[in-house]
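Working notes, structure below.
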Amino acid sequence: MEMVGKIACFVVLCMVVVAPHAEALSCGQVQSGLAPCLPYLQGRGPLGSCCGGVKGLLGAAKSLSDRKTACTCLKSAANAIKGIDMGKAAGLPGACGVNIPYKISPSTDCSKVQ
C-alpha cells in the first residue's frame with residue numbers, strides 16, 4: 001500500500017510540473033478584441049459590439065503582467081491611431097459597465113498598474 005501512495009504522489013507531482021501554463025496576453029489579442037471599438041472611438045459609429053471586446057479583454061488580463069501588457073498596448077494604440085477621441089477612450093470602461101485599473105490615455109503610466 002505504501003508503494004501505491006508513493007506512485008500516486010509521483011503522478012500528482014508530474015501533473016503539476018508539466019501542466020501547461022496559460023498563454024500571456026499579447027498586443028495582438030488586445031488589438032483584435034478592441035477592433036470593434038475603433039469606429040466608436042473615432043466618432044464614426046455606435047458603441048455596438050465594442051463592449052464585448054472590452055469585457056473579453058478584462059477577463060483575459062487576469063495577471064499583473066497581463067494588465068500591464070494590456071495597458072501598454074492600449075497606450076501605444078492611443079498614440080498611433082489617428083482620430084481617436086481621448087474622452088471616449090477614457091470613458092469606454094464606464095460606457096461598457098466595467099472597471100479597469102487605469103485610464104486609457106497616451107499619458108498613462110503603465111508601470112503603476114496594479
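Cβ atoms are placed via backbone N, Cα and C, with glycine included.
Owing to the predicted nature of the structure, the values given are computational and were not obtained by experimental measurement.
Looking up C110 in Swiss-Prot gives a disulphide bond to a cysteine among C50, C51, C71, identified as C71. The cysteine that Swiss-Prot pairs with C96 in a disulfide, picked from C50, C51, is C51. Among the candidates C14, C50, the disulfide partner that Swiss-Prot records for C37 is C50. Geometry remark: C50 (disulfide bond) versus C96 (disulfide bond), CA distance 8 Å. Put simply, C27 is the one of the disulfide-bonded residues C27, C37, C51, C96 whose Cα lies nearest to the Cα of C71 (disulfide bond). Most other Cβ atoms within 10 A: among the disulfide-bonded residues C37, C50, C71, C110, that distinction falls to C37.
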